[in-house]
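Now, the feature entries from TrEMBL:
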BINDING   G32, A33, G34, K35, S36, V37, R138  ATP binding site
BINDING   S36  Mg(2+) binding site
BINDING   D54, R78, G100, R157  substrate binding site
Amino acid sequence: MNEVASLAGQPLSEQARQALGKRNLIFVGLMGAGKSVIGRLVAQTLSIPFIDTDAEIEKVSRMSISELFAAYGETEFRALETRVIERLLKQGPRVVSTGGGAFINEATRAQIKLGGVSIWLKADLDVLWDRVSRRDHRPLLKTENPRQTLENLMIQRYPVYAEADMTILSENVRKEVMVDEVLKALAGLSGEGDLAGKGELK
Ligand SMILES: Nc1ncnc2c1ncn2[C@@H]1O[C@H](COP(=O)(O)OP(=O)(O)O)[C@@H](O)[C@H]1O
Ligand SMILES: O=C(O)C1=C[C@@H](OP(=O)(O)O)[C@@H](O)[C@H](O)C1
Ligand SMILES: [Mg+2]
C-alpha cells in the first residue's frame, strides 16, 4: 500500500499534514491573492507555526513596509527580504506567506525552491484589484493608475510564479473553501511523486 492509500480515511487536514511531512509550505503570488490570510488559516488547520515574511521584515526593521520602501528603496527591501526568508526557511517546518515580489527575486526564488513546497495562489485582475483597492498600504501601488500597475505586474510576474510547485486558483469563494483546496493539493503529494522528499528539512 502506498503512502496516500494508507492515509485515506483520515481527516483531510491530517492527510495534508502527513504528506507535507517536515517541509515548509510557502505561499507565493501577487498582491491580494490571499497569501497572508489563507496562509494563516492553513497553518492553523495544520497546527504548523505560521510566519508572514512582511510581518517579520517589519519586526526586525521596526519599520512598516511603506517606510522601508520610502527610506531605502525597493532594492534594499529585496535584500532584506532575501535574508529574512533564508533564515525563516531554516527554522521550519512552517507555513510561510511571502510578499508578492519575493518569488520574483532570483536569489529568494532559489531558496524557496530548495526550502519546501511552494503554492502559487493565482487570481485574475478583477479579483486582485477588488481586494487591494480597499487598502493603501502597498507602496508599489501608489502610482497614478494602480490598476494598470497591477496588470503590468501580472504580465511580468505570472510566468515566474508558474515555477511554483503547485498552483491554486484564488477566487471569491469563502476562505474555508480556499483552505480546503490547499489541503487537497497537499494531500495529493504522494510519497512517490516528483515532490517527494523535496525541501525536506534536515
Ligand atoms: N478567498 C477570499 N475571499 C474573500 N476575500 C479574500 C479571500 N482571500 C483573501 N481575501 C481578502 O483579500 C485581501 C488581501 O488578502 P491578503 O491575504 O492580504 O493578500 P496577499 O497577502 O496575497 O497580498 C484581504 O482583505 C483578505 O481578507
Ligand atoms: O508585490 C510586491 O512586490 C510586494 C507585495 C507586498 O506583499 P503582499 O503581496 O502580501 O501584499 C509587500 O511585500 C510589498 O509591498 C511588495
Ligand atoms: Mg501579504
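Cβ atoms are placed via backbone N, Cα and C, with glycine included.
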Given a separation of at least six residues and a C-beta threshold under 8 Å, show me what packs close to R138 (ATP binding site) in the same chain. M31, I65, V132
Which one is closest to K35 (ATP binding site) in space, judged by CA to CA distance, out of the binding-site residues D54, G100, R157? G100
Do any of the binding-site residues K35, S36, R157 touch ligand 3, in the sense that the CB is under 6 Å from one of its atoms? K35, S36
Please check the binding-site residues G34, K35, S36, D54, R78 against ligand 1 and give me the ones with CB under 6 A, sequence order. G34, K35, S36
Check: same-chain CB within 8 A of ATP site center, minus G32, A33, G34, K35, S36, V37, R138: G29, M31, I38, S97, G100, L121, R131
Please list residues from the chain of G100 (substrate binding site) whose Cβ is under 8 angstroms from its Cβ, counting only those at least six apart in sequence. V28, G29, L30, M31, A33, K35, L153, R157
